[in-house]
Structure formats: structure tokens, C-alpha cells
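Worksheet for the structure shown next.
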Amino acid sequence: MSEISLIMLAAGNSTRFNTKVKKQFLRLGNDPLWLYATKNLSSFYPFKKIVVTSSNIAYMKKFTKNYEFIEGGDTRAESLKKALELIDSEFVMVSDVARVLVSKNLFDRLIENLDKADCITPALKVADTTLFDNEALQREKIKLIQTPQISKTKLLKKALDQNLEFTDDSTAIAAMGGKIWFVEGEENARKLTFKEDLKKLDLPKPSFEIFTGNGFDVHEFGENRPLLLAGVQIHPTMGLKAHSDGDVLAHSLTDAILGAAVLGDIGELYPDTDMKFKNANSMELLKQAYDKVREVGFELINIDICVMAQSPKLKDFKQAMQSNIAHTLDLDEFRINVKATTTEKLGFIGRKEGMAVLSSVNLKYFDWTRL
């Protein structure tokens, strides 16, 4: 049995997919797409090593200890070159995680022809009339190249050392004078590029699990600046002591959302030792945090917030706070509830030394079936 390693390319920005969630984090059942695709291929062969390129290594590592991860580059070629540094097997298989449904039959065709050339690649024939600059091309000579592809590792490394931009391994190998062998590709191995492509693939739907997070924050009164809650000015001078603008509600809610998605906490994301967050707009930081949560495949279901303050009274501001949260997070207002309570003059809150906020949120996986 030939010694083969597997590289899965999952560091793309999903620009053409045009959704808040990166396509590699779409959930198929409970698995993000990148993991589903990698599990699928890894079930076909005892690979020597499996390497996944990533733009979010810390988060991906939460899912498995079975693979190695490496930060991707700005282009496909850069990402592949970095991943190849970890590979020493004779052959390497490279695939895009966006090709989710590669079959065992296609995989076997690649393996069976391993000794035929320097790179074995699947390709589809073109059935439709094809024009270039309004002139018909000979479609019999046109191939639609797919992945996974298997290459001789040393030759692929040498090809990429030219620092040219190759869009796949076969063109890189061919540029070195290497021999390419084509096997029959398949429709199911088409790349998921645009959100409309989801309708063409029979993928498992995201599970209906719900993820709950809580956030709690406390701040002391004492700054002669506006008191802000959810970006709404409550009082012109009763400001809270903080590195940022002191919006304790926004801080609590940020922590709740990050916690539900298992993405750490506000202190990790926006440390108070970093001067770029000095007097920062906390609602803008909340939005940025939620963008990160959506990027990895989640969306909000609802928000419930309890503000604990002896003073000032908040009854007249609750509606404005709910509206501002809804606008910031692009969430229906009927999914947001803000409550206010005192501590019956007990403790530091009762002594009007500060205030606290407890936030609870529920998240679900982004439902890509609605696209």
C-alpha cells in the first residue's frame, strides 16, 4: 500500500459564497463542512498524515485531535505550500473542503492509477457548446478539473517553489514537465462556490441543537462621562469606570454570545491592556464579536438581559435599548428582552456604587437551507 498523506484546503474567505457564515463552517448535522469533508476522505484510506489549512486554527482544533492544522496563506498556492512543509510521504492527496461529496468510487479510481503519472486528477467532460470570445471551442478537448488530486510530493513541492499562482496541482506539475493522468470525475465532486450550489448537492441538514450562553459584568460608577447601556445614553455624567466606553450591558451580552459559541470571552477578544480599545464603542465591539460567531456557523435565536441598578431608573429606556440591540445585531426586536431590577438597597449596587448586568442568549446553527 502506497504511503499517502492528505491535505485539506479550508483557509478560504468564502467571498463568492456571499453569506455571513464562511462555507467551511456550514453545519452538516453537527459537523462543520470542513470536518465532514475531511472525515469522508479519511474514511477511504489509512493516510500517513492529515493536514488541514485554516484561518481559524484555535476553533478548528476544538473538533478533533486527529489532524494537524496550519495557518493558510493569502492564496490557494500559498496555503498548499505551507501545508506541504509538514508532509514527507511519497505521495500527497490534495482536496478542497468545498468538494464535500467525493465518492469512494472516485477515490478508488485515483488510487488505482497512482503508478500512471506524476499527478492523478479527476476531470469532467463538457457536454454543452462552449464559446470563447464568441467563437466555438472544441469541447472534446476541454476538461473541467476537480479535486482530490494525488501528486508525487517532491515534484509538487518543487513546482510550488517557483512561486507562481497555480489554481490546482495538475497545472503546477505540468509546468514542471510532469505527466498528468486523468480519471473520470463526477458531478457530486463539483466545488461548492456559490450559495446557489447548495441546491445541487444532497447534503445533510444542520441539526436543531440549541446553544445557551450567559454573560455577567460589573462596573463601578465614577467617571464624569455619559452612562451608556446598549449604546443608549441613560445619564450625561454617571459614567462607569472602564477601559472602553463602559457600556456594561454590551459587555455582558458580548460575553454571552461568545460563550454560547464556545469562542472564549470579551477579555480575550478585546483585552483592556490594548490601547486601541481605549474608550472604544462597546456596541461596535459587540457587533464585531457577533460577526465572528456568525462566521463559524451560528445565528441568534433570542436574547434576555437583566440590568441590576439601584439608580438611575431604567424603565423609560428599555425600549430604546432593545431597538438598538436589534439594529446592531440584525435581529428581530421581538427576540430581545431587557429587564431592570434593584437589589433592594443591598450590597454595592444598593449603595449606588456600581451596576451589574446578566445576559442570556440562545444560538442555533445557521440554517443554510433557507438560502
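Even glycines carry a Cβ here, placed using N, Cα and C.
Keep in mind the model is a prediction, meaning the values are calculated, not measured.
Residues or ranges marked as region '2-C-methyl-D-erythritol 4-phosphate cytidylyltransferase' in Swiss-Prot (evidence: sequence analysis): 1-210. The feature site 'Transition state stabilizer' is assigned by Swiss-Prot to R16, K23, H243, T342. Residues or ranges marked as region '2-C-methyl-D-erythritol 2,4-cyclodiphosphate synthase' in Swiss-Prot: 211-371. Look at Swiss-Prot and you will find D217, H219, H251 tagged as divalent metal cation binding site, backed by sequence analysis. According to Swiss-Prot, the feature 4-CDP-2-C-methyl-D-erythritol 2-phosphate binding site maps to 217-219, 243-244, 265-267, 270-274, 341-344, F348, R351.
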Determine, to the nearest whole angstrom, how far the Cα atom of R16 (site 'Transition state stabilizer') is from the Cα atom of K23 (site 'Transition state stabilizer').
10
According to DSSP, does P271 (4-CDP-2-C-methyl-D-erythritol 2-phosphate binding site) fall in a helix, a strand, or coil?
coil
Using only C-alpha positions, which one of I266, P271, T342, T343, R351 is spatially nearest K23 (site 'Transition state stabilizer')? These are the recorded positions in the record.
I266
Here's one to test understanding: among the recorded positions D217, H219, H251, T342, whose C-alpha is closest in space to the C-alpha of R351 (4-CDP-2-C-methyl-D-erythritol 2-phosphate binding site)?
T342
Separation of alpha carbons, H251 (divalent metal cation binding site) and D274 (4-CDP-2-C-methyl-D-erythritol 2-phosphate binding site) (Å):
16
Give the residue from the recorded positions R16, H219, R351 that has the most other Cβ atoms within 10 Å of its Cβ, counting over every protein chain displayed.
H219
For the recorded divalent metal cation site formed by D217, H219, H251, which further same-chain residues have Cβ atoms within 8 Å of the site's Cβ center?
V218, L240, A242, G246, D247, V248, L249, A250, S252, A356, V357
Round to a whole number and give the Cα-to-Cα distance in Å for the pair H219 (divalent metal cation binding site) and P271 (4-CDP-2-C-methyl-D-erythritol 2-phosphate binding site).
16
Counting distance between Cα atoms, which of the binding-site residues D217, H243, H251, I266, P271 is nearest T342 (site 'Transition state stabilizer')?
D217
Cα-Cα distance linking D217 (divalent metal cation binding site) and P271 (4-CDP-2-C-methyl-D-erythritol 2-phosphate binding site), given in Å to the nearest integer:
15
